[in-house]
Amino acid sequence: MPLRLDIKRKLTARSDRVKSVDLHPTEPWMLASLYNGSVCVWNHETQTLVKTFEVCDLPVRAAKFVARKNWVVTGADDMQIRVFNYNTLERVHMFEAHSDYIRCIAVHPTQPFILTSSDDMLIKLWDWDKKWSCSQVFEGHTHYVMQIVINPKDNNQFASASLDRTIKVWQLGSSSPNFTLEGHEKGVNCIDYYSGGDKPYLISGADDRLVKIWDYQNKTCVQTLEGHAQNVSCASFHPELPIIITGSEDGTVRIWHSSTYRLESTLNYGMERVWCVASLRGSNNVALGYDEGSIIVKLGREEPAMSMDANGKIIWAKHSEVQQANLKAMGDAEIKDGERLPLAVKDMGSCEIYPQTIQHNPNGRFVVVCGDGEYIIYTAMALRNKSFGSAQEFAWAHDSSEYAIRESNSIVKIFKNFKEKKSFKPDFGAESIYGGFLLGVRSVNGLAFYDWDNTELIRRIEIQPKHIFWSDSGELVCIATEESFFILKYLSEKVLAAQETHEGVTEDGIEDAFEVLGEIQEIVKTGLWVGDCFIYTSSVNRLNYYVGGEIVTIAHLDRTMYLLGYIPKDNRLYLGDKELNIISYSLLVSVLEYQTAVMRRDFSMADKVLPTIPKEQRTRVAHFLEKQGFKQQALTVSTDPEHRFELALQLGELKIAYQLAVEAESEQKWKQLAELAISKCQFGLAQECLHHAQDYGGLLLLATASGNANMVNKLAEGAERDGKNNVAFMSYFLQGKVDACLELLIRTGRLPEAAFLARTYLPSQVSRVVKLWRENLSKVNQKAAESLADPTEYENLFPGLKEAFVVEEWVKETHADLWPAKQYPLVTPNEERNVMEEGKDFQPSRSTAQQELDGKPASPTPVIVASHTANKEEKSLLELEVDLDNLELEDIDTTDINLDEDILDD
């Protein structure tokens with residue numbers, strides 16, 4: 001099949017004319033040297049200029065990264081080599097290297113050497129460990145030396161291109177060339193080595209507009225590429241992909257297949273002449289330099305050609321070499337999640353085509369290799385050729401002996417046992433095909449599913465899929481698009497019925513063939529099914545699985561990984577990356593089986609599987625059950641106390657929630673349980689919970705709502721003892737114990753409030769409180785203290801005070817007893833009464849009158865409430881009250897609670 005060269009522009013950096021480009025091996029950086037004398041470093045991920053070196057005022061024709069030294073080495077028209085530290089931007093070294101313009105710099109991959117070439121027709125070797133001394137000079141060219149490149153397969157050998165129309169191959173240590181290649185009619189501008197192990201090739205580009213491929217062992221030209229309309233300024237073999245990249249002064253970059261020499265693509269970004277190209281092993285990025293700036297494009301798919309069968313045998317392609325590894329060979333070695341597996345790799349031989357994809361058939365006996373417009377089916381064990389042919393795409397059926405190929409954009413062929421079984425033309429063409437239980441064909445009109453046996457249309461769906469994944473049972477299918485993925489259920493019984501009766505069949509197929517179970521807004525990169533669980537890697541490098549509407553994250557990946565498969569007996573999921581590293585993650589098959597059984601509502605099977613699930617995984621299962629609506633089962637399964645408590649609250653299981661709250665000793669839990677107990681009218685339990693939670697406000701609410709005077713009284717005493725003064729004050733006040741309220745205010749230093757309370761409810765106490773207030777205030781402001789008027793001394797300022805004394809005594813004598821709460825509807829509310837009118841005719845007893853005349857304070861008086869003696873009613877009420885004898889408020893730790901603090905601040 002033709003090379004699927006998805007070409008995406010990653011960076012466009014406008015600048016002056018670019019004379020050389022380089023890519024950093026580890027950072028996302030592109031180095032560009034400019035004609036104006038500057039050198040720039042661009043981050044192609046963030047699209048930003050990160051560093052600039054002002055080298056000189058003349059063109060900088062060469063610049064290279066030396067990553068192991070954190071250097072940028074530049075060569076310019078001032079004949080100087082400059083070395084900069086790219087972290088500090090400091091110039092480390094500078095020296096004159098040639099007597100004319102410096103054209104090219106090559107950095108030795110292992111030794112402390114750089115090679116430079118110049119218009120002085122010389123090539124020089126420099127050793128930075130020897131203070132940048134010139135170790136060797138290579139003479140032989142008779143014109144400018146435009147480019148030098150070191151042989152990646154032999155680091156002691158390098159080649160040079162010159163305007164003298166020759167290519168020379170040199171050896172370090174020898175000042176004369178090994179040999180010279182001649183064939184271009186004009187000056188040679190560029191040269192590069194083929195980095196693969198299968199061909200001893202060089203490529204060159206020249207002013208004769210031709211690109212030539214040379215066999216440097218036989219010293220012959222094996223191919224000439226024609227097509228550029230102007231001088232060829234750069235040419236390169238890509239170190240990863242089977243392509244040749246050439247750039248010309250005609251403004252185009254041409255991409256050729258390195259095996260067939262077919263022109264695959266032509267790029268023209270409208271930035272005038274192309275001057276340079278750079279690529280990097282391990283990356284699909286290519287940097288291009290133009291008159292008007294530089295560009296980075298990403299070529300092809302980074303997904304490796306790799307496949308694993310159900311038994312753990314992995315086959316992958318490294319360039320054209322096919323290799324195998326077996327997970328079984330690892331034995332019982334300890335495997336940690338996310339760590340690279342130390343696999344023994346076995347070479348299986350080389351493939352006749354460049355593999356773009358490798359895929360096992362369902363039973364693992366055969367493996368198909370696709371690429372270059374062809375497919376070859378091999379035996380998986382020995383890599384013997386079983387079948388081959390031309391195809392743009394290949395797809396296995398669920399039946400291991402069946403497969404389909406897309407011969408063109410209009411014809412799809414189906415094969416059975418390696419023999420053509422059927423050929424058909426889909427109604428709207430075929431842009432892509434997908435294997436599985438049904439044959440999927442994508443067209444401009446959407447996705448169509450066909451029956452493998454008779455190619456009948458099953459269903460047409462208006463969707464543009466990127467991937468389709470079928471479950472092993474054929475009941476579930478995932479259709480992944482560019483933005484989301486859909487989970488569908490395939491209703492095979494309805495399809496069979498419709499095929500027999502022809503009911504519900506339209507031009508778009510059988511209407512009831514699929515049922516949509518869910519749509520998830522996440523991008524699927526790779527995926528597979530285990531039971532009814534769909535496992536996938538996402539665009540944000542997460543390893544997730546989807547089951548029953550729930551997404552569970554297994555791991556966060558630190559780089560792009562591709563799913564290979566799942567081996568149930570190992571309980572492990574295996575993934576690979578583009579460098580062909582294999583890692584794995586634990587994923588218990590028992591958990592997946594349990595979730596699958598629950599999804600199918602097969603609870604008997606789920607109960608059988610449950611004992612095999614380790615305790616540490618039970619909570620994950622419980623969360624799944626909860627999301628499916630099976631909260632009672634989730635409560636039984638979960639081992640997490642927090643989760644169990646939440647479930648118990650939701651289910652109203654008071655006993656379980658109580659036990660968990662006792663174990664947790666958490667105030668928050670006691671409060672939550674108290675709310676539930678109140679909603680269930682379990683007031684005794686609510687009272688105990690509020691007590692454990694030290695929730696005085698809640699206890700007060702409960703006591704007042706139930707009309708429990710006993711509880712209010714004990715709460716008042718306990719709250720005061722523990723410093724919860726707001727609650728204590730309210731509890732006393734509700735009982736009519738205004739004297740206790742007054743004493744509480746005095747003890748807590750709230751003397752102004754105490755004075756107003758006394759004036760309102762206990763006029764006989766006003767004088768005492770005012771004196772205390774005055775004494776306290778005098779410590780701060782003597783003048784303000786003296787301005788306070790004692791009502792007994794200034795009766796003219798407090799009209800009605802004497803009458804208030806009488807009414808206070810009347811209230812004390814006539815309102816001494818409490819009414820039961822059930823009498824509330826019969827009592828006239830205080831706001832509707834005029835106590836001064838009711839008590840104005842009261843004649844105080846002699847003792848009380850004498851006390852007032854003597855200026856002695858009378859005993860405290862309760863707040864006004866309706867008086868009634870109701871022993872029977874009180875007795876019946878007490879029978880309904882909750883006994884609080886066991887409520888020991890003294891034991892409550894209240895050090896971290898201060899209910900009246902906010903009010904005190906107001």
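A Cβ is built for glycine as well, from the same backbone N, Cα and C atoms used for every other residue.
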According to Swiss-Prot, which residue out of Lys10, Lys627, Lys669 bears the annotation N6-acetyllysine?
Lys627
Looking at Thr828, Thr861, which one is marked phosphothreonine in Swiss-Prot?
Thr861
If you check Swiss-Prot for phosphoserine, which of Ser176, Ser859 comes up?
Ser859
For the feature coiled coil as recorded in Swiss-Prot, pick the matching range from 398-423, 866-891.
866-891
Other parts of the chain folded back onto the repeat 'WD 3' (97-136), taken as Cβ under 8 Å at six or more residues beyond its ends:
20, 59, 61-66, 69, 73-77, 79-81, 83, 142-150, 152, 155, 158, 160, 162, 170, 172-173, 175
By a Cβ-Cβ criterion of under 8 Å, what residues six or more beyond either terminus of the repeat 'WD 2' (55-94) are in contact with it?
19-20, 22-26, 29, 31-39, 41, 100-107, 114, 116, 118, 126, 128, 132
I'd like the per-state residue tally for the repeat 'WD 5' (183-224) from DSSP, helix first, then strand, then coil.
0 helix, 22 strand, 20 coil
Going by DSSP, how much of the repeat 'WD 4' (140-180) is helix, how much is strand and how much is coil, in residues?
0 helix, 20 strand, 21 coil
